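Written out below as structure tokens is the structure these notes cover.
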């Protein structure tokens, strides 16, 4: 059973003391990293009519914000649990960190791999090298889009679909459940959020239409930069 | 094939028998359609759970989402039967996740509709009799149970359900969660299920899911829950 009282006591008493102790490795220093909600690179209504302003505002200012807030809280509690030597609490917080940290990473990547439909970024010509690699792997861009779309529609429950580049520079389509992020050697090129909150207010149960329309707002320029490894966009 | 398969999935078989298969049709038809699932009628109108769950949510949830699970379940069963006929057991096994997802979706929603009721009729209030006693024995009080259920619901990461269940061996009550549409099977009897998928509340409550979890207690059909307990 997790003892939150011990953790809170530790936070209240031990952490401030340690802050003045000058130790190189201490809980307070580890807790300094605070994550914040990144600003959207476009207005809430910029992806209309494909994604409504109402969805974008809730998705960014409420859902993404909740992941950020819960991530920061969980990181603080985790550091406290490390300091208190409470392994059960550490493990419990790791699940919360994975979910909310994943939510923060995934949404941060998602916003940047979308762009207004009429912009230059949403034309596949903005991703010459990536599109060539896609054509080599799937035969044509349309074949890839079909494969990606049916993968998205096959997700059971909440999750994400990703185009990733693996360590041998090969491209693959993968899905991650809930808010699991793409980690390890795979580089996320672009992701599509298949949680119901990403489309329900506009598309209701018609998620196939959402998937069809998302192609109008994919930011191929960002995708190319991530593919070539020149983008800061995969860093938070 | 269907009957063989259904024999191994008690919860699925129960739900099909209880809510989906029309006995007269089953008698008149061949064994091939005996196990075909159909969308059960709601035991109340779409607007009957307002203001706690909007009419629009209920209509989409029943007519579109639940219908998709019914259709998907029947397709999975047919494809498994076809694969079996061909002796292609690898193919049959590959369909199992779809059977679990759509079969679970059908079972879960069938149970859910029946454990809800309009606030003006059986909905809301507190459980009575043996069920009330069992809840007090295992959770301390009804209020403690309600709080624990809400905390559990709020903690679900992604899509899923929370259930009040009875252990078949010990008769003890507990709260469990299931991811996505995984049904409650095995040692547990599902007594009360609450759908925590976003489609269950988003049109009305948006990201404020705690408000949905608070509101739903006004429309719990304790009579149904007690019947399942007994």
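The backbone N, Cα and C atoms fix where each Cβ goes, glycine too.
Residue counts for the domain 'Manganese/iron superoxide dismutase N-terminal' (A:34-115) under DSSP, split into helix (H, G, I), strand (E, B) and coil, are 57 helix, 1 strand, 24 coil. TrEMBL lists A:34-115 with the feature domain 'Manganese/iron superoxide dismutase N-terminal'.
Counting every protein chain shown, the number of other Cβ atoms lying within 10 Å of the Cβ of residue A:107 (Mn(2+) binding site) is 24. Marked as Mn(2+) binding site by TrEMBL: A:59, A:107, A:193, A:197.
Looking only at the domain 'Manganese/iron superoxide dismutase C-terminal' (A:128-226), the predicted model's pLDDT averages out at 97. The feature domain 'Manganese/iron superoxide dismutase C-terminal' is assigned by TrEMBL to A:128-226.
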When DSSP states are grouped into helix, strand and coil, how many residues of the domain 'Manganese/iron superoxide dismutase C-terminal' (A:128-226) land in each?
49 helix, 22 strand, 28 coil
Per-residue Cβ crowding (10 Å cut-off), top of binding-site residues A:59, A:197:
A:59
Non-site residues, in chain order, whose CB comes within 8 A of the mean position of the CB atoms of A:59, A:107, A:193, A:197 at Mn(2+):
A:60, A:63, A:64, A:110, A:195, A:198
Against chain B, with Cβ pairs under 8 Å, which of the binding-site residues A:107, A:193, A:197 show up? Give them in sequence order, please.
A:197
